[in-house]
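Written out below as structure tokens is the structure these notes cover.
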Amino acid sequence: NPLGVSFDSTRNVYIADTFNRRVQVFTADGEHIRQFEKRGSNKNGIAMDSNNIVYVSDSANNISVFTKEGHFLTSFGTQGNRPGQFNRPSGMAISRNGVIYVSDCINERIQVF
């Protein structure tokens with residue numbers, strides 16, 4: 001049940017493989033390259049910035065940040081309804097300037113970072 005998809009600068013496809021709790025990476029031709037995960041949470045949304053850094057929203061109410069190779073860098077956010085907190089974050093987009101937009105579903109808002 002994939003919920004999110006994004007692409008890197010070489011057109012590789014990154015899939016938020018939700019219930020398998022991982023990110024799957026494929027070439028543009030569909031060849032599987034790798035997968036990576038941060039244990040314990042469903043992956044809901046995914047976005048790639050202009051530096052090929054991967055941002056993944058998850059059911060633990062945070063955004064995890066990875067290199068395109070899948071190395072975990074950091075995460076941000078907690079559960080709640082205050083700024084910087086989430087309640088079921090899902091879709092994401094990142095502008096050319098690096099501004100991150102997160103759909104915060106249950107809180108019925110878009111958060112901007």
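Using the three backbone atoms N, Cα and C, a Cβ is placed for every residue, glycine included.
Annotation comment: TrEMBL describes 1-29, 73-113 as repeat 'NHL'.
Only residues 6 or more beyond the boundaries of the repeat 'NHL' (73-113), in the same chain, are considered here, and those with a CB under 8 A from a CB of the stretch are 3-4, 38, 44-50, 53, 55, 57-59, 61-67. Same-chain residues lying 6 or more positions outside the repeat 'NHL' (1-29) and placing a CB less than 8 Å from one of its CB atoms are 35-37, 39-48, 50, 52, 54, 56-57, 66, 68, 70, 90-92. Across the repeat 'NHL' (73-113), the model assigns an average pLDDT of 96.
For the repeat 'NHL' (73-113), the number of residues in each DSSP class (helix H, G, I; strand E, B; coil) is 0 helix, 23 strand, 18 coil.
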